[in-house]
Amino acid sequence: MDAVLRRRLQERQSQSRYRRRRTVASPQGREIQLNGRRVLQFCSNDYLGLANHPALVDAMQQTADRRGVGAGASHLVCGHSDIHHQLEQRLAAITGRDRALLFSTGYMANLGTVSALLGKGDHILEDRLNHASLLDAGLLSGARFQRFQHNSLDDLSRRLSKLPDDGQRLIVVDAVYSMDGDRAPLAELASLSAQHNAWLMADDAHGFGVLGEHGAGSAQEAGLDQQQLPVLMGTLGKAIGSFGAFVAGSETLIESLIQFARPYIYTTAMPPAVAAATLAALDLLETEAWRRQHLSSLITRFRTGAQALGLPLMASTTAIQPLLVGEEERALAISRDLEERGVLISAIRPPTVPQGTSRLRITLSAAHTEKDIDTLLEVLSEAWQPQHRSPQD
Ligand code: PMP
């Protein structure tokens, strides 16, 4: 076995696609401790800087004191606590949906939801750049699977028109694209889905907490109610600073997921203390609105500075601000150079992104200061030296 696996690993290495973990020895924040030194980081999804907020830490500690650590079982056996229940009710209220259902991770929420809604003979249409968990979900469901061109309503509409009448149809998009930072045209997608008798699902992993009034997310910002966008998924491990995920929608949708979503049914519930920390984070969405405002001003500061330096920005207005590099080796080389200069930014390569579009995925957070953005720009301009430039720069 090892000989076969070693060959596969060598192949991955020769393509400059080998993934390596880094071991962090500090809480999340603007700076993290890595290999014995502190580096300024622009690669976490802790967009609001809540992952190490004292209110979350306190809620978790107090709940662990009272309730212990493990949930002990799945939600349907005896792991569903009153704290989970309260969190589901809060998530439903925030998103303006009848009900919400907690999942242990976003990956599982996507697998569970799509495979519960569709089966053989149904149709699923996904944006080409959807998150891996949504693409895997489509495959797992057994439905007839199509990928449409990124954010192309024309391509999607053409494909919908050609579908046979039999079977359910589900359109699935990321509300904010995780590796590009751009956003799906949700309102137009909702009209198109109504026109073609298709259901619509949006994964708001990167919008929930950051976008919309009080951070209620992309659906709220686009003004889409439960009927227009019936399946809304959000995660809790990014802007919310905690862990887990949820799906929000009608009473019938949630009951169907409880009955049919296998990654919901057959997994241990998140620790109640995590649910309590999440509730504390949801309070902060309202009381610390400055976090979203500060993040928004940092995004503008970064884009203005990067434009002036001629850096290859992508069309994103969100906290995800990738710089397009192209080849894997070059993205890796720049990332290594930046790390030596004390700034951590991940190089994202295929198969996570399409061939030839390797990039540095910069993520900004309310934990950063204006000075951090200036340092980032300064270090980027030094690292973007001729040895890293491609002929087309
Ligand atoms: N959807 C999207 C768009 C994501 O970016 C991610 C996380 N990278 C997930 C789902 C999975 O969420 P989780 O990390 O909670 O499994």
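For all residues, glycine too, the Cβ spot is worked out from N, Cα and C.
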Query raised in the report: Where TrEMBL shows Gly106, Tyr107, His206, Thr235 binding pyridoxal 5'-phosphate, which of Ser74, Ser81, Ser178 is named for the same site?
Result: Ser178
**Report entry** Residue among Thr352, Thr357, Thr363, Thr369 sharing the substrate site, where TrEMBL lists Arg19, His131 as binders
**Finding:** Thr352
Report summary line: Same-chain neighbours of the pyridoxal 5'-phosphate site, Cβ within 8 Å of the mean position of the Cβ atoms of Gly106, Tyr107, Ser178, His206, Thr235 and not counting those residues, run in sequence order as Asn45, His131, Ser133, Asp203, Ala205, Gly237, Lys238, Ala245
Query raised in the report: Out of Arg19, His206, Lys238, which of the recorded positions is least crowded by other Cβ atoms within 10 Å?
Result: Arg19
Query raised in the report: Going by C-alpha distance, which of the recorded positions Tyr107, Ser178, His206, Lys238 is nearest to His131 (substrate binding site)?
Result: Ser178
Report summary line: Comparing the Cα of Thr352 (substrate binding site) with the Cα atoms of the recorded positions Gly106, Tyr107, Thr235, Lys238, the shortest distance belongs to Tyr107
**Report entry** Integer Cα-Cα distance in angstrom, Lys238 (N6-(pyridoxal phosphate)lysine) to His206 (pyridoxal 5'-phosphate binding site)
**Finding:** 7
